[in-house]
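Here is what Swiss-Prot says about this protein:
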- 13, 14, 15, 16, 17, 18, 19, 20: ATP binding site (BINDING)
- 15, 16, 17, 18, 19, 20: substrate binding site (BINDING)
- 38-41: region 'Interaction with substrate tRNA' (REGION)
- 104: site 'Interaction with substrate tRNA' (SITE)
- 126: site 'Interaction with substrate tRNA' (SITE)
- 162-166: region 'Interaction with substrate tRNA' (REGION)
- 243-248: region 'Interaction with substrate tRNA' (REGION)
- 276-283: region 'Interaction with substrate tRNA' (REGION)
């Protein structure tokens, strides 16, 4: 007989949906260990603006893959998959269940389905692309991508030089488009995965929570935290860390764009848009059980029932 696959739990959801609170309750009741699935929580020194679990919450439920990088560093879906698999193996070896909690859907997808065989970065080709962009502009580079790979060009904005450069680089290295290569599946996740998404039933409730969270962040010192990053000489607005919602709007404010109140308003709007994209992605997700964030007891019961099924 084949050995049964180890269990794993995905706890997904839009920002401000109550994922952390539910994860803490789950850890009290089940033999689980938490792994963060969040492209912002990986950064050190970015605590308030990312709504990182506080010291008390981390004491109740330690999260792996939090505070692992400096904001100068980049972190890909491939990096996450590698690190998450290592942490999952370690948790299973302890006789526990990995509980992956967060809202970065691309990370979940990479972990669940594996990654396409994309070529490694090539510094020479990347430098050549950047030189062309300096000469002709990123709009012209985007037009070039439209000719080569219209599907990727539709998804990638001309003002996103990192992703635009990568799409062109992939084609120049491999002779295949990013669209072609991403259709090739990688290794599937060797776990029995139970997938849940938590959200309030009403969209207005998400909006209310986002506004409340932003108000709390400002009271806790988000402006000072963001300014400390801005005053570093090794950070700039195009880094993935600084493109995180909230930080980007504060950065623009420090650059002289509008008032602090306007920056906060833009941050709230950007966070709402993020939540909307997360919900749209989750609605297309297969084999997903939805949980009501206003009924934690009911959510715990649903999770318990599903875990005991197999």
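Just so you know, glycine gets a Cβ as well, placed from its N, Cα and C.
Features per Swiss-Prot, on structure.
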residue : record                                 : DSSP (3 states)
13      : ATP binding site                       : coil
18      : ATP binding site                       : coil
104     : site 'Interaction with substrate tRNA' : coil
126     : site 'Interaction with substrate tRNA' : helix
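For residue 16 (ATP binding site), applying a Cβ distance below 8 Å and a minimum sequence separation of six or more within one chain yields 51, 206, 209, 210, 213, 271, 275.
Taking the Cα atom of each, residue 126 (site 'Interaction with substrate tRNA') and residue 18 (ATP binding site) are about 40 angstrom apart. Residue 13 (ATP binding site) sits 9 Å from residue 104 (site 'Interaction with substrate tRNA'), taking the C-alpha atoms as the reference points. Note on the region 'Interaction with substrate tRNA' (38-41): mean pLDDT across this stretch is 98. Neighbours of the ATP site: apart from 13, 14, 15, 16, 17, 18, 19, 20, residues of the same chain with C-beta atoms within 8 angstroms of the site's C-beta centroid are 103, 198, 199, 209, 293.
It is 17 that, of the recorded positions 17, 20, 104, has its Cβ surrounded by the most other Cβ atoms within 10 Å. Of all the binding-site residues listed here (13, 14, 18), it is 18 whose C-beta has the fewest other C-beta atoms within 10 angstroms. With every protein chain in view, the residue among the recorded positions 19, 126 whose Cβ has the most Cβ partners within 10 Å turns out to be 19. Note: the region 'Interaction with substrate tRNA' (276-283) comprises 8 helix, 0 strand, 0 coil (DSSP; helix = H, G, I, strand = E, B).
Residue 18 (ATP binding site) sits 15 Å from residue 104 (site 'Interaction with substrate tRNA'), counting Cα to Cα. Sequence-ordered, the extra residues of this chain that approach the substrate site, with Cβ no more than 8 Å from the Cβ center of 15, 16, 17, 18, 19, 20, are 13, 14, 21, 103, 198, 209, 293. For residue 104 (site 'Interaction with substrate tRNA'), the spatially nearest entry among the binding-site residues 14, 17, 19, 20 is 14, judged by CA separation. Residue 15 (ATP binding site) has a Cβ environment of 21 other Cβ atoms inside 10 Å.
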